[in-house]
Amino acid sequence: MFGGRYAQVTAVRRKTGEIEFFEVKKQGQPGLKWLSKIPLVRGIVALVLASASGAKHLQFASDMFERDHDEEAESADETVQENQSSSKWGMILGVAMVGILSLLIGKMVFTALPAFLASILFDRFVHSMFLQSLIEGAIKTILLLAYLWGISFTPLIKRVFQYHGAEHKVITAFERGEELTVTNVQKHSTLHYRCGSSFIILSIIVGVILYSFFTYHSVWDRILIRLALIPLVIGLSYELLRMTNAVKDIPILAWLGYPGLWLQKLTTKEPTDDQVEVAIAAFNRMRELDAQAEARLANGVQRTTPAFN
Ligand SMILES: [Zn+2]
């Protein structure tokens, strides 16, 4: 999936070999437009929108996968397909909500569990607030790595991570001004500096620093404070992500983005040539749609927000 200024495109390879696109044009939601300009708030808006659209694009991919499987079992039933397309928009709204809900629940579990474990295991021995916060961050990191490592063995997630690697390769090739052919794209690394993975690491670091300013009196106290701070942690991490993107060419400051690159060693995998081909197709289609939109709005609004992909 690629997100441009005006359009998001997901491409999937069908069983027949052809590549199919799922395109969502970004509408200028007036309510969100001014929210997206306020520091701290814009990070929350971006994350919620990314979860909603991410879920929609994943749903499309798995629909295509299922349809291919059904077609394999017996030839496609026209009436079933018609029903599917008529309920598509209702489905998409529901899927977006599921995306946002799973973000919320995931965020709460990943916030509460490390706070709980750090309290149970270390409250008796460690009395420095900062050290406690650091231990909590370390537990969170271990849980995250174990989780990512664990799910990377399932065939579906493995493919998702391969496509993630393919996306990064395509972007790198494009940024270097190379022609987007499979050979050109494949020779690049699956790691890319501007990636949503960096956001996760940054939010752990922001948490460590922020939490050490808040005293608590019990485990539950601690967990509640952490949960209440989630919006602030997201907002600050996003601002930090924008900053690391802005300073990536300054030698020492570029280190700020390195933890995110290390995490990508787990969230990306080497794609096959076939997957790279699909990624190139999605990227080209996104560029096409963007160019069309740009032509329509001769003086298009500039967007410089980092993408979560
Ligand atoms: Zn990425």
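Every residue, even glycine, has its Cβ placed from backbone N, Cα and C.
According to TrEMBL, the feature transmembrane segment maps to 91-117 (among others). For the transmembrane segment (91-117), same-chain residues at least 6 beyond its ends with a Cβ under 8 Å from one of its own Cβ atoms are 47-48, 51-56, 59, 136-137, 139-140, 143-144, 207, 219, 222-223, 226-227, 230, 234.
Under the heading transmembrane segment, TrEMBL lists 129-149 (among others).
Among the features that TrEMBL reports, transmembrane segment is placed at 199-217 (among others).
With a threshold of 8 Å between CB atoms, the same-chain residues lying at least 6 positions outside the transmembrane segment (223-241) that come near it are 39-44, 46-47, 107-108, 111-112, 115-116, 198-199, 202-203, 206-207, 210-211, 214, 216, 256, 306. Sequence annotations record features per position, and here TrEMBL assigns transmembrane segment to 223-241 (among others).
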For the transmembrane segment (199-217), sequence-distant contacts whose Cβ falls under 8 Å of one of its Cβ atoms, 6 or more beyond its ends: 47, 111, 129-130, 132-134, 136-137, 140-141, 144, 225-226, 229, 232-234, 236-238, 240-241, 244, 259-260, 262-263, 308
